[in-house]
Amino acid sequence: MTPPGQLLPLSRLPPGLSSRCPPPAHAQARVSLLHPWAHRLHGRFMPSPHLFRSPACPPRAPTPPGLSAAAGGEAQAAAVAEFVTSERVKVAAMLGLALALCNADRVVMSVAIVPLSQAYGWTPSFAGVVQSSFLWGYLMSPIIGGALVDYYGGKRVMAYGVALWSLATFLSPWAAGRSIWLFLFTRVLLGIAEGVALPSMNNMVLRWFPRTERSSAVGIAMAGFQLGNTIGLLLSPIIMSRTGIFGPFVIFGLFGFLWVLVWIPAISGTPGEHAQISAYELKYITKGQKLVKPQIGSEKTKKVPPFSKLLSKWPTWALICANAMHSWGYFVILSWMPVYFKTIYHVNLREAAWFSALPWVMMAVLGYVAGVVSDMLIRNGTDITLTRKIMQSIGFLGPGIALLCLNAAKSPIIASAWLTVAVGLKSFGHSGFLVNLQEIAPQYAGVLHGMSNTAGTFAAILGTIGAGFFVDRMGSFRGFLILTSLLYFSSALFWDIFATGERVDFDGTG
């Protein structure tokens, strides 16, 4: 046997010697001394590692082709199976159902406003006031609701919120039979209750998901949010045709009560409190997040949030402006598109509902896709700030361009296609500003969400009422869509300048 480090003749290879065994260091040194030319031409003349045999590396059979790929595929399949069957995905699914009910209860009015306006002789401007009544209540609760979420946790606040808004929806027919003011009060109460939905969702995602899965979790929950639009827009005309205008209010309200009965016993506020979670999943979640245990009852949670410090940082204003623009476009499209298709293209109510509903399906799908892509970018080493800016830029620039193209559409089908593009790309913002709330201030995510939601509600009220008055004065939606596009472009620029994906010091002196 040749001693270790002995150079073998180039013509002979010891039988059974594995090419996977690297040459010993002393052998590499000897090659360098004996053959200085071996390093030239990018190693073309470097003797093969087959020429060396180290006692520390005995011969071994080569790995069968495809074995490594198969093992990697099995590991990936096991990871997917663990994710799909995990308790945290059940939490995301229940959040998605809650947000679906949230939007279904909200969007009923977008369909009912047409027959109600015809029955009571409402002008477009007064119809805008009726549509915005939900937002009056929504304006009151986000900051207080966000603070309650930070203190009590998302599970409890979400349960109370769903119960209250389902009650308001269920009582709407009774209130309408008494007076228009009582009916408007139920819509205001609906808005107050629904103001806690998104802060509660964010709180639950923060507690239940590691950092590298939060975009996907928000994507799942917000997919339910958008599917609620589709359910409300498509089913409401069908239910109304069989049960009357207020049939959907009763049915959706009852489903909300059923959701609460499932949510309370099935979901816990944190992974550590869950009785059926596996030790593996609990360890995986806590290892991948900074907030391991809730701070309920701690001194840090009890103190008044530092509103002045929150408002003194540019990343906060980037979130506020992003939420405001997102809400402006969202509620204008949600509230006025059935009327838009009916007045511009003269389609009937059911067709208008179909044209208005399809984009929300696309938003649900692309929202989840954006979350998966966002998490993949972060896992692969992309800077979190850059990831959030990419996602939010798509979420603003895409709808801005698509709405300009919508203005030029000559048929309802083409218009619906451009509306689908606008609403679908809008969902990329869920992996932008919506996840960013958890990153810059996890301890104040609820109240920060409430602050930005309040700004978003102001913008939504202004946009919803403004669209009605704009149509009254100008006789067309087209100019208002151009204005909305310009606001999208300017908001994208502001976000890209001032947003960050890093935690911001709101408690210190910085």
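Even glycines carry a Cβ here, placed using N, Cα and C.
As recorded in TrEMBL, the features of this protein are as follows:
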type     : residues : note
COMPBIAS : 1-20     : compositional bias 'Low complexity'
DOMAIN   : 91-502   : domain 'Major facilitator superfamily (MFS) profile'
REGION   : 1-22     : region 'Disordered'
TRANSMEM : 134-152  : transmembrane segment
TRANSMEM : 157-174  : transmembrane segment
TRANSMEM : 218-239  : transmembrane segment
TRANSMEM : 245-264  : transmembrane segment
TRANSMEM : 317-337  : transmembrane segment
TRANSMEM : 357-378  : transmembrane segment
TRANSMEM : 390-409  : transmembrane segment
TRANSMEM : 415-435  : transmembrane segment
TRANSMEM : 447-471  : transmembrane segment
TRANSMEM : 477-498  : transmembrane segment
Cβ contacts under 8 Å made by the transmembrane segment (357-378) with residues that lie 6+ beyond its boundaries: 211-220, 222-227, 229-230, 233-234, 333, 384, 387, 390-391, 394, 416, 419-428, 430-431, 435
Candidates 218-239, 245-264, 317-337, 390-409; stretch with most C-beta pairs under 8 Å toward the transmembrane segment (447-471): 317-337
Cβ-Cβ under 8 Å with the transmembrane segment (134-152): same-chain residues at least 6 beyond its ends: 106, 109, 161, 187-196, 199-200, 202-203, 296, 301-302, 305, 331, 443-451, 453-454, 457-458, 460-461, 464
For the transmembrane segment (245-264): best-contacting stretch of 157-174, 317-337, 390-409, 477-498, by Cβ pairs under 8 Å: 157-174
Cβ pairs under 8 Å between the transmembrane segment (317-337) and the transmembrane segment (157-174), at least three: no
Reported mean pLDDT - the domain 'Major facilitator superfamily (MFS) profile' (91-502): 83
